[in-house]
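Asker: My questions all concern the structure below.
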Amino acid sequence: MGMKKPSQKMRSAGNIKRNADTAQALKNQSSDRLLTQMTSLTKDQLKSELKKRGLKITGTKSELFQRLENVMASVKRKSELLNSSQMNGDTRRPNSRIILGHNRREEERIEREKIVLWRRPFQTISYATRELNYNRSIFITKAKKYKISVILMLIFFLSWYILLHLNGPHQNYIQLVQSKIVWCLYWLGLGVLSSVGLGTGLHTFLLYLGPHIATVTLAAYECGSLNFPEPPYPDEIVCPEKNDPNWGASILNIMSKVRIEAMMWGAGTALGELPPYFMARASRLSGYDPDDKEDLREFEELQKKKQNPESMNLIDRAKLAVERIVEKVGFLGILACASIPNPLFDLAGITCGHFLVPFWTFFGATLIGKAIIKMHIQKMFVIIAFNETLVEKAVSFLGFMPFVGQKLQEPFKAFLVRQKLKLHRRSDSEVPAEGNLLASVFEKFVITMVLYFVVSIVNSLAQSYHKRICKERRNPKHTKD
């Protein structure tokens, strides 16, 4: 018996493979040829190539070359991936594979949303712990690459520890420097917590910095001066025994008194904008990754709404206006948006990363806007709002509210009287242990907000772990053990 002739399907599959090989070879040759030619292009020619691809055209020649090279490499990787699937006998239409992959990711996303403490407490805690261990191992691995820097830091901290516990005349200076450093790091950390997480962070201005500025303002008008004895300031405020004429109770002096903590808090909020910037920048340079879709969902939805302006609401239009200012104006646009207290700046980091705005352009403008300009606006607002006369009028106004006016007015009056008594006590006397309903309610509110923030962190860690293991299952060859 003779051998059977190849079937029509087998011949068709063979033709597809040969055509794919030929097309891939031509694409690779074209891509390699373009990469070779890129080295001889002028700066204007590089800008022209980038403009064709809708990429940012600012920067030095080396930056433009690197930007174009990254895009070409990304296109080449996608082409090779598509060809490899066809060579393995997968002759289905690319659209069907994309749909299957999309459906699988959608199922994983739905499953991931269920991993929260109030629905799956044990799984959530387990996943969050594993993600913490993974991040710790990554941190140790990266630290090993910078051995000299790590050793120098260890030497510095060891020397500081020895100086701190070694008796001598230097102790006063060491204690002063340490208290200032801890004070600055405290407010810097609160600033980071406030802006990290695209609006889900701990609102530390309302919980910490705002009340601190208000307390200093009320104390300044009550004492008539700002030269509070240190210690116990800044932990506690006590009126000075003798007023300093240079530190009288004025708006400028109060702003100067709280300048360090306000600027450090503002710098922390600027640092909190960096993670979304780096995430969006890496996504743009390396090509589209479907696994990053959740992190960039709000930005992508805004881009889709550009095609249908009539479907955009007022908030979407405001966000789009911020995006256009950031994209078109550059440094001054970012500075203007960062300087105005607004909730729409959350997407600025993603926008700047997506449009490949240089790091120092983005971070420099954000730092100046948030730590200097915006903080002075917010300080001025709090100081004016908590002027002694305005506060007393506001408390008096509460009494005119029907039914609950008197009940609301009494706790506020008692709180103000107690605060004034604390200010006029001696600096070495103990703080009275009397409670107050208003202080107790605010304390419970702060504890609730902090607990909510901790729960959101645990949920986020657990969902990050789930997302990572799902990605590893789909791409086992491209992940490290």
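Quick reminder: no glycine exception, Cβ is built from N, Cα and C everywhere.
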Asker: Looking at 186-209, 210-233, which one does TrEMBL call transmembrane segment?
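Answerer: When 186-209, 210-233 are checked in TrEMBL, transmembrane segment belongs to 186-209.
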Asker: State the residue range annotated as region 'Disordered' by TrEMBL; the candidates are 1-21, 43-63, 295-315.
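Answerer: Within the set 1-21, 43-63, 295-315, TrEMBL attaches region 'Disordered' to 1-21.
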Asker: Same-chain Cβ contacts of the transmembrane segment (380-404) under 8 Å, 6 or more residues past its ends?
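Answerer: Long-range Cβ neighbours of the transmembrane segment (380-404): 210, 213-214, 217-218, 221-222, 251, 254-255, 412-413, 416.
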